[in-house]
Amino acid sequence: MARASISGDRQRLPDEANPQKKTPMVCFRRLQDGVPARVVLYMLSFTGFLVSFMMRTDINIAMVAMVRQPRPELSNESAVLGGSSSTSSPSEPRYCYAGARDANGSLTAPPEDEEGEFEWDARTQSAILGSFYWCYVLSQVMGGLLTQRFGTKVVFGLSQFVTAACSLLIPVAAEAHYALLIALRSVQGVASGLTWPAMYAAVGPWIPASERSRFMSSFQGFSFGIGLTYPLCGFIIAHFGWRVVFYVTGSLGMLWCVFWWLLAFDSPGQHPRITPKELRYIQSNVSNSIVDGKGVRVPWKKIFTSLPAWSIGITTFGRIWIHYVFIIPGPMYMKTVLGFSIQANGVLSGVPFLLSYLSSVVFCSVADRLVTRNVLSLTNTRKLMTAISQVLPGLLVLVIGYLGCHIELVLVTWFLAVTLITAAYAGAMASVVDIAPNFAGPILAFAQTIHMTASFISPLVAGFITQESQSLEQWRKVFGVSAVVALVTYLFFQIFGTADIQDWNYPESNLPSESESPNEPLKRKTSNMNRDESDTFTDA
């Protein structure tokens, strides 16, 4: 050992004469080694979903500037401020405004609508917006199959590239014919539907069970994407026009693809820059439950007959239902009942989703600590977080309907409900990886095929209930239906949900040894020899 040290020192003597040549390389290597590969994957996942949802939701606000819409007439019935109309109870208003409110809740005169370029009726606009979600649901299973065949890097990267390319083409398609715009949105839906199964498939081989809840908070990049899109696109439209919205989001998507292709890898063993220490930590904590998934036949029959898999899909259907009440018809409630102007509406609709990321980090960190400190079992932790994300928002959305015109209380309750929903990523959504980490992509594809149907059914039901009147009474029915759906569907996960690895997770020739259960590394190795590496991920 002494000879090797002396020899090494002698070999470095020529370089010491020119320290300026050596030092930058050493510093860069230290900096590189100081950032765990799992943290890099976390940031790629977070920014990936952020950009993905910017490209998905940008058209929602751009449509306001694209379409020529007549200014609605304000009738006497709708010009009620804390009073009653001729057709409502004297003790309760049907509407909460006369005119429009700014971000502070002060009443203002309704601004004149700017003239759009396209004369698309409501049915055409619905087709343009809805085409994304129809195709998005249909591509979930395909995403799971493609990920099993080609890996996360190829599937997630190409899906983002296609979505970005379509965004850049939307202005040209809109000018040509709305049918081309519908076609582009459909392609975007198909491509975006591949992202979730692809990213879930990367969690199994990369992230130990004790860190999965924290890593799942990276998926809340979509909340940041939604929260940034509305105010950012509003600014762009006001100063540069609606076309620039799609050029900006599409360009961001293309730029992200470059970083993804350079920095993302399907497994730790394929990563050329991962440190030996981190590689050993990952392999020692996931090796008993993860095998090389490429080319492995997916046990679809087992998935289709798995009660835990069905419980994830059905329960999350209720969460998506209530979530999309806030995302799509929610802004209409703020406009027609609470009376907020478009500018204030955009800010108030976006802020809760910006806060959602912070709340998701808190919930996921709490969930991991409950497990690693043996306060609750992994299954009970998942059920607790699912209850927080679904039962509480379900009750809060019901309360919103009965708060009437108490604007401040409505907004506080609204914000709280949206932030609580993010606990799902430490709950039922994390169980996707728990029950079968080798087939997380296909399981998510199966579950999302079920629960993402709520993304267009929920707004349709809200529209059906409020088609005759946008009164507070009708919106109370919308919120009531949402609460019932959220509470009833939660029961499926409470009864059938689990975090235990299913037998069909393992190919026949790769079963874990009888002496050590698949979950044992979570209880033993993480709490002892690898705690320092786990803490590094937490601190980062």
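The backbone N, Cα and C atoms fix where each Cβ goes, glycine too.
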As TrEMBL has it, transmembrane segment corresponds, among 219-238, 299-318, to residues 219-238
**Message:** Taking contact to mean 3 or more CB pairs closer than 8 A (sequence separation of 6 or more), are the transmembrane segment (409-433) and the transmembrane segment (154-174) in contact?
**Reply:** no
Most Cβ pairs under 8 Å to the transmembrane segment (127-147), of 39-56, 154-174, 478-496, goes to 154-174
Under 8 Å Cβ-Cβ from the transmembrane segment (445-466), and at least six residues away from its ends along the same chain, one finds 130, 133-134, 136-137, 140-145, 193, 196-197, 303-304, 309-310, 312-322, 324-325, 328-329, 332, 432, 474-475, 477-478, 481-482, 485
Averaging pLDDT over all residues of the domain 'Major facilitator superfamily (MFS) profile' (44-501) gives 81
Should the transmembrane segment (186-207) and the transmembrane segment (154-174) be scored as in contact, given a threshold of at least 3 Cβ pairs under 8 Å and pairs 6 or more apart?
-> yes
